[in-house]
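Record features (TrEMBL):
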ACT_SITE  HIS9  active site, tele-phosphohistidine intermediate
ACT_SITE  GLU87  active site, proton donor/acceptor
BINDING   8-15, 21-22, ARG60, 87-90, LYS98, 114-115, 183-184  substrate binding site
SITE      HIS182  site 'Transition state stabilizer'
Amino acid sequence: MCKLILVRHGESVWNKENRFTGWTDVDLSEKGEQEARRAGELIRKHDLLFDVAFSSVLKRAIRTLHLLEESADRMWVPEIHNWRLNERHYGALQGLNKAETAKKYGEEQVHIWRRSFDVTPPLLEPDDPRGAVYEDKYKNVDPAVLPLGESLALTITRVIPFWQDYIAPCLISGNTVLVVAHGNSLRALIKYLDGISDEDIVGLEIPTGVPQVYELDAQLRPKKRYYLK
Ligand SMILES: O=C(O)[C@H](O)COP(=O)(O)O
């Protein structure tokens, strides 16, 4: 049996301010740092000796990983950071306050942007200086695959190939694997692993900084998924 630990980053400064974040590289809030340390303590308490760790290239996930590793006393574990685990790209909504946007466009429209399976948010203009194509951290990524806005369906199309090519082989080789990512990149992964329908995924919410564990069989079929307490 293999074990996979999934953690959504701790609360970020923009989670606290209720702003659409997506690929904006904001840091953890103080509460987020505490959540990350607590996640490491829980992992340690449950003796989940992860051998390798994956995260997105966004600092709220990387800092969560580092704080978690420190409190779990596993700072030596090899880490792989990849853009394919990034949050869903929120397009032109990035930076806007969610409540103010709901006042302007209506609660229903904002719910569709946030939770529908295949509706893409308004896209960033290709020459918008916030575009990933202008960021150093994506300089080795083919610009053609860098999004200007993504639905959950589009997010799945880049998370699952990363799972298949990197994370799954690591588990199959017998490693306990930790993945620190984001609300929607983790929803993408859980949808795939648990075979959740396009309709039912709308109801899946993932709290910040709480580790959840999958126990998987040799074919990586989930046997159990539970949050650590
Ligand atoms: O990118 C964001 O704003 C959040 O991390 C996730 O947002 P959501 O709860 O609207 O999916």
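Placed from the backbone N, Cα and C atoms, the Cβ positions cover glycine too.
For HIS9 (active site, tele-phosphohistidine intermediate), the number of other Cβ atoms no farther than 10 Å from its own Cβ, over all displayed protein chains, is 30. In terms of Cα spacing, the recorded positions GLY22, LYS98, HIS182 that come within 10 Å of HIS9 (active site, tele-phosphohistidine intermediate) are HIS182.
Considering only the recorded positions ARG8, ARG88, LYS98, HIS182, the Cβ with the fewest other Cβ atoms within 10 Å is that of LYS98. Within its own chain, GLY183 (substrate binding site) has ARG8, GLU87, ARG88, GLU205, ILE206 as residues 6 or more apart in sequence whose C-beta sits under 8 angstroms from its own. Sequence-distant contacts of TRP14 (substrate binding site), defined by Cβ-Cβ distance under 8 angstroms and a gap of at least six in the same chain, are PHE20, THR21, THR24, VAL26. Remark: of the recorded positions GLU11, GLU87, the most isolated position is GLU11 (fewest other Cβ atoms within 10 Å of its Cβ).
Cβ neighbours within 10 Å of GLY22 (substrate binding site), excluding its own Cβ and spanning all shown chains: 24. The CA atom of HIS182 (site 'Transition state stabilizer') is located 17 Å away from the CA atom of LYS98 (substrate binding site). Listed in sequence order, the recorded positions among ARG8, HIS9, GLU11, GLY22, GLU87 whose CB lies under 6 angstroms from an atom of ligand 1 come out as GLY22, GLU87.
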